[in-house]
Ligand SMILES: Nc1ncnc2c1ncn2[C@@H]1O[C@H](COP(=O)(O)OP(=O)(O)OP(=O)(O)O)[C@@H](O)[C@H]1O
């Protein structure tokens, strides 16, 4: 081959060849790049698949571990159940073996029980015959006991009746005693936990033996006091009033009646006479309040008794008085300055002409006036209790009743009577019933008085802790109560001079204490040891009162005083309603 041309051909072929090869290579490269791109794409796809496979794998793994856990739990539970089933099987087999023995045991027990029943049956048969005998004996004994009890009660009543008759004939002062329950304030300054404990000041030292005897335990000995009636701490207001009730019948029969509560401060006088301090200031109620005391109950009973009498035959007037620091105060009057003096009236009895006396026709009227009086009554708190009365309270109900028609006298009779009075004759005169005079228009009336007295309490000044004005009050209270004891002492000893005028209290009550009225003293006693000496003093006062013999109580006779007109039906008592 010629070198020049061939070479260039060769070269150009070579170049072409190279170019073709290059093109091929380029195409190949392009093809490979495309393939590479495809592979990248595939790789990405595979990666994403790998990722999702991984995630799926982890979910599967998680589920697998949960499944594994669940399986292990199931297997442990199955294990447990298996144990329990084993136990149950064992129990079942025990129960089965016991159950197998049961019929035998039951049969055995049944045999035993039937032999016991048989034994008891024979025993019962033998006992029932002896029981019938015993029952017969018991019923005989019960009848005998009832008979004895009836006879005892009859004898007791007869004895009481005779005793009362004897007392009436002798004119004895009746004395009842009421022992109150232990109260919280009986502790004084001591701890409440010691209330009633032996050795403490509130230890209970006063006890009721029975319904006539009370015993006080002192450091040296036991002292027993006997009265017409002793009320124990469980006996309530109605029981206390039951014993007072007959006196109201006496009032309408023409006797003056006085009921007074006596006792040391805090011993229950106001509770007994008026009622509980909790009863809304002794508010009169339509129906009887269970805590109502003697005053409201006596008023109710009086109106009840009057309701049974002819309409308009009775009138009632009420006065409410206190004796405070030895002065008489009219609790129904607006004026507190009036000085009230006792004067002897035409009937020979003491009266207070300046005192307000209000006509009343219902229980409500009476209790409203009493309540009005109580609002002005002197009362204060002491170391003993919160509502200590600082005065003696006297509620007087004056009953004017028309005397039976045969007491009606002619004008001439009356003139003669007035002449006798002026000439100094016995003021309370009676017409000559046998004179044969024809009755004219002059009506006779009978006036009787029911005095209900809540005395202030005697007090040991050291114990009640009073000072200043209250100390003066206490000294007046103690003085008047000792004057009362002196009067009773003088009466009991039949002395010629009875010192009624030593105190306003005794002067005021002169007709009731020494006169011809029926007098009941209600002693009020605290059971606690801290009041022992006061309780003994009070019980001693009651003994002294019992010794007084004033002669039989006298009926009030009709009077013909011009100032005592026939009761008008307008103010006449017609209904016991409130
Ligand atoms: N029998 C009783 N049952 C229940 N509580 C009673 C009884 N007696 C008294 N009390 C209570 O004891 C307290 C003192 O009683 P009360 O005010 O009647 O004494 P008092 O003798 O009138 O005293 P004072 O002379 O100081 O006025 C009151 O709270 C009263 O309610």
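Just so you know, glycine gets a Cβ as well, placed from its N, Cα and C.
All annotation found in TrEMBL is predicted automatically rather than curated by experts.
The annotation coiled coil is assigned in TrEMBL to 15-63 (among others).
Annotated coiled coil per TrEMBL: 131-158 (among others), in sequence order.
What TrEMBL records for 172-548 is domain 'Kinesin motor'.
The ATP binding site feature in TrEMBL is assigned to 263, 264, 265, 266, 267, 268, 269, 270. Counting only same-chain residues at least 6 apart in sequence, those with a Cβ under 8 Å from the Cβ of residue 269 (ATP binding site) are 261, 262, 263, 389, 454, 455, 457, 522, 524.
The region 'Disordered' feature in TrEMBL is assigned to 549-578.
Annotated compositional bias 'Polar residues' per TrEMBL: 560-578, in sequence order.
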Nonlocal neighbours by CB distance (under 8 Å) for residue 268 (ATP binding site), same chain, sequence gap 6 or more: 178, 180, 524, 526
Secondary structure of residue 263 (ATP binding site) (DSSP, helix/strand/coil): strand
Local confidence of the prediction over the coiled coil (131-158), expressed as mean pLDDT: 91
